[in-house]
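S.K.: Dumping the structure here so I can ask a few things about it.
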Amino acid sequence: MMIGKTRSLTFTSLFFLLVISLIVNSYIFNSLLIINIFLISSLISLVITKYGFKIISRLNLLQNIRSEGPSLHFNKTNTPTMGGIFIILPFLLLLLIVNNYVDSVGILLLFFCTISFFIIGFLDDYLSIANKKNAGLKSNEKFTLQALIAVLFIIFASQSNYINPLITISNNWNMDTNIVIFPICFLTLVGLSNAVNLTDGLDGLAAGCSAIVFFGLGTEIFIKGQKDLIIYGLISYAMSGLCIGFLKYNKYPAKIFMGDTGSLTIGAALGSISILTNSFFTLFIISGIFITEALSVMIQVSFFKITKKLFKKGKRVFLMTPIHHHFELKGIKEEKIVENFWKVNILLIVLGIVLKINL
């Protein structure tokens, strides 16, 4: 990324872009609370990350880089990890505070799902550090735990009438999914959690995209105009702010990584809010970066297995997946890849909101 006079989308420009957009939103929705929540959340995350990553470093909670990854990443070894703590703990505290003022089963469900995935991510990171290699929980163990939590969340959400088979496309258009809504919810929760986790492979990529997506989700919820859902819009803006504050120290070159503690949980929180607010259609658009990252891995693995079975030698579609590594091996600088992914994500937010308003 160029330094000096540049049009690059840096951390500072991304921050002010979101702030300006939030000011516009505050004017449109007549609520200064929106901008206040975002700024306060950003400041909280910024401060606790600034001092927290030093504590994590002293505790030797350091990242192990997988040997199969790009060789350029080997110099990231021993970077403090598990920084997602500084995003998720304030978020959980916020939910507890909100629950004191808002009598909503949905807030409790969101808290349950967030803290459960947080525990999975924390355990995965801890085992990875303890084993001194980039391998914590086994993939089948992690998926089983995620699936169990997702099923419990869906059952309780359904019993509390938060799951509606009529997926809202726009204010005037609903799509009846019938019982298919349940696997959709499962894929949204588990799939998005793992998709954000896969995206967290470059400095600032997952944190920046998460900040943008939560911003878009918050805006979509406000556009719905349902008073009982407004609180989830405010919560989404708060999470966007928390991710931005963390991004200050996670951007290239990263002083701290969020780890699975952060990425798995952020994806789960994003999926949970989308389920509780019936925001599937918009989520599918604004989460395009996360979905693309996950699909690139699925395509790569499937194509390799099929070609190996047919030709006795597996072939690859991409140089390496997730797809951000493909661009790295193409010779594009890490910070440039992240910058371009942020830009694409912002365009997806605009597209999602425009479609929401005009369909």
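Every residue, even glycine, has its Cβ placed from backbone N, Cα and C.
Owing to the predicted nature of the structure, the values given are computational and were not obtained by experimental measurement.
For reference, Swiss-Prot lists these features for the protein:
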type     : residues : note
TRANSMEM : 7-27     : transmembrane segment
TRANSMEM : 28-48    : transmembrane segment
TRANSMEM : 82-102   : transmembrane segment
TRANSMEM : 103-123  : transmembrane segment
TRANSMEM : 147-167  : transmembrane segment
TRANSMEM : 179-199  : transmembrane segment
TRANSMEM : 203-223  : transmembrane segment
TRANSMEM : 229-249  : transmembrane segment
TRANSMEM : 256-276  : transmembrane segment
TRANSMEM : 337-357  : transmembrane segment
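Could you give the neighbours, burial and distances for every feature on this list?
M.R.: Sequence-distant neighbours of the transmembrane segment (28-48) (same chain, 6+ residues past either end, Cβ-Cβ under 8 Å): 15, 18-19, 22, 86-87, 90, 94, 218, 222, 233-234, 237-246, 248.
Using a Cβ-Cβ cut-off under 8 Å and counting only residues 6 or more beyond its ends in the same chain, the transmembrane segment (103-123) has close neighbours at 82, 84-85, 88, 91-92, 95-96, 136-137, 142, 145-146, 149, 152-153, 156-157, 160, 162, 189, 193, 228, 231-232, 235, 259-265, 267-269, 271-273, 276.
Listed as Cβ neighbours of the transmembrane segment (147-167) (distance under 8 Å, sequence separation of 6 or more from its ends, same chain) are residues 105-106, 109, 112-113, 116-117, 120, 174-182, 184-186, 189-190, 268, 272, 275-276, 278, 280-281.
Counting only same-chain residues 6+ beyond the ends of the transmembrane segment (179-199), those with a CB under 8 A from a CB of the stretch are 113, 117, 143, 146-147, 149-151, 153-154, 157-158, 163-165, 167, 205-206, 209-210, 260, 263-268, 270-272, 274-275, 280, 283, 287, 289-291, 293-294, 297, 322, 324.
Residues 49, 53, 56, 63, 79-85, 87-88, 91, 106, 109-110, 113-114, 116-118, 120-122, 124-125, 128, 136, 146, 149, 153-154, 157, 162-163, 185, 188-197, 199-200, 206-207, 210, 213-214, 217, 221, 232, 235-236, 239, 243, 246, 249-250, 283, 287, 290 of the same chain lie 6 or more positions beyond the ends of the transmembrane segment (256-276) yet place their CB under 8 Å from a CB of it.
Residues 1, 8-10, 14, 17, 170, 202-205, 208-209, 212-213, 215-216, 219-220, 223, 251-252, 281-282, 285-289, 324, 327-328 of the same chain, all 6+ positions outside the transmembrane segment (337-357), place their C-beta atoms under 8 angstroms from a C-beta of that stretch.
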S.K.: Counting Cβ pairs under 8 Å to the transmembrane segment (82-102), which of 7-27, 203-223, 229-249 comes out on top?
M.R.: 229-249
S.K.: Same chain only, please: residues at least 6 beyond the ends of the transmembrane segment (203-223) with a C-beta under 8 Å from a C-beta of the stretch. Say none if there are none.
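M.R.: Contacts of the transmembrane segment (203-223) (Cβ under 8 Å, skipping residues fewer than 6 from its ends): 11, 14, 18, 21-22, 25, 29, 34, 87, 196-197, 229-230, 232-237, 239-241, 243-244, 246-247, 250-254, 258, 262-263, 266, 270, 273-274, 277, 279, 282-283, 286-287, 289-290, 324, 334-335, 337-338, 341-342, 345-346, 348-349, 352-353, 356-357.
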